[in-house]
Amino acid sequence: GDTLDNYLRTDGVWLLTRNKQFYETNNENECAEKCETESNFNCRAFLFTRKKLQCLTLAENSKMTVMFNSTDAVLYEKKTYLLQCKRGIGKDYRGTEARTQRGIPCQMWAGKTPHRPKYTPEKHPNAGLDENYCRNPDGDERGPWCYTTDPATRFDYCNIPECEGQCMQCNGEDYRGEISRTESGLECQHWDAQEPHMHGFILKHFPDKDLKMNYCRNPDGELRPWCFTTSPTKRWEYCNIPRCTTPPSVSARDSQCLSGKGEDYRGKIAITESGNICQHWNTQFPHRHGWMPDSYPCKGLEENYCRNPDGEKRPWCYTINSRVRWEYCAIPHCGGTEQEIADVPVQVPLSEECYHGNGQSYRGTTSITVSGRKCQAWNSMFPHRHEKNPDRFPKADLRKNYCRNPDGDNSPWCFTTDPNMTWEYCSLRRCNEGAQE
């Protein structure tokens, strides 16, 4: 396969590194070959600048040094040096764990105190004996180990989790591994803790998301698993979970009809319930959006077919009508006849949700704002902290992330999941007060 398949790509970043070599290459593949054959040090990553066609092979990666923005640069990191788990006995483990299973810091492999090592970088240049990271240079059956900084304990084994179950399918919504550090090496905050960061992602509110210990998870449909960090200056960060090599199993419910909320719907209806044609998912016109097929490989975002990638009430799509950002689609229910399912509806008008007065009595399930942003759950404090929770407003029906008006505002509203927009009014119309709703 392509050499670049062994690397994790990150656009627009630069590493502050001491050990590097400069080369002139025409493309990233040639730069990768320089990294593979680098003889001056163990090449863990390389930087490629597209304008200058400059190639820098690096001895460090993002887990070992500082990373900062650089518009023209592309960073490629060898995946084997980013894994925080071991395969088998971990002879090829190249992670950055540097404490033993009892918490004792490891001695530097090149050091001489407090223990004179039998295994050194000079004697075993291919064993990855960098810094004081846990390694298994002698193929010990019990896995990676290190010499310790405790004079009374010459060596001890390290607690490195198995890679089985440590990879993710799709966007990692079902990831249940035990990786608990972010992509920059920060330790994750326990989900049941509220320090140093307050949040609403606790097990009783998200019982099916496996929010245990401080393991990386994806409870809210992000691009990949993440966690709150133990650093007071970094609220949250993505985790570096390797993607599984085996493809995800295809759901048996993928069909031309609607079951439940239609999250598994893979039919070819591409028109909304009011007759607007759907916009293609891989385009940004007339409406810009974040639901790109490459970013969400398991959501079925093909062509311009109606889909439900975010757990809405039913499948929907952006429309090619510049005045209508998105609408639900009319998908026949699986309980219908085969003929009803086969007949793709062109236009099936359905009643819209509406509210009376200022909407304090509204109890519908709309959860999208006027600008198309998704609502934050009322019992969540992420990304916005607030006091409008179900306990303080027991009569306001603050369920899930449905639009409500608990404080007597002009119309139903919600906090948004966009960190840059605290709240917005919802995409709802006022009911025709003179007619039957």
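All residue numbers here begin at 1 and follow the chain in the order shown.
For all residues, glycine too, the Cβ spot is worked out from N, Cα and C.
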What does TrEMBL give as the disulfide partner of Cys414, choosing from Cys375, Cys431?
Cys375
Cys329, Cys334, Cys354: which one closes the disulfide with Cys431 in TrEMBL?
Cys354
Count the other Cβ atoms sitting within 10 Å of the Cβ of Cys239 (disulfide bond), across every protein chain shown.
25
Taking the Cα atoms as reference points, how far is Cys317 (disulfide bond) from Cys329 (disulfide bond) in Å?
7
From Cys216, Cys257, Cys306, Cys334, Cys375 (disulfide-bonded residues), the ones whose CA sits within 10 A of Cys227 (disulfide bond) are Cys216
Under 8 Å by Cβ from Cys278 (disulfide bond), counting only residues of that chain that are 6 or more apart
Ala270, Ile271, Thr272, Asn304, Tyr305, Cys306, Cys317, Tyr318, Thr319, Ile320, Cys329
Taking the Cβ of Cys375 (disulfide bond) as the reference point, list residues of the same chain whose Cβ is under 8 angstroms away and which are at least six residues distant in sequence.
Ser367, Ile368, Thr369, Asn401, Tyr402, Cys403, Cys414, Phe415, Thr416, Thr417, Cys426
DSSP on the domain 'Apple' (1-80): how many residues come out helix, how many strand, how many coil?
15 helix, 38 strand, 27 coil
For Cys334 (disulfide bond), list the number of other Cβ atoms lying within 10 Å of its Cβ atom.
15
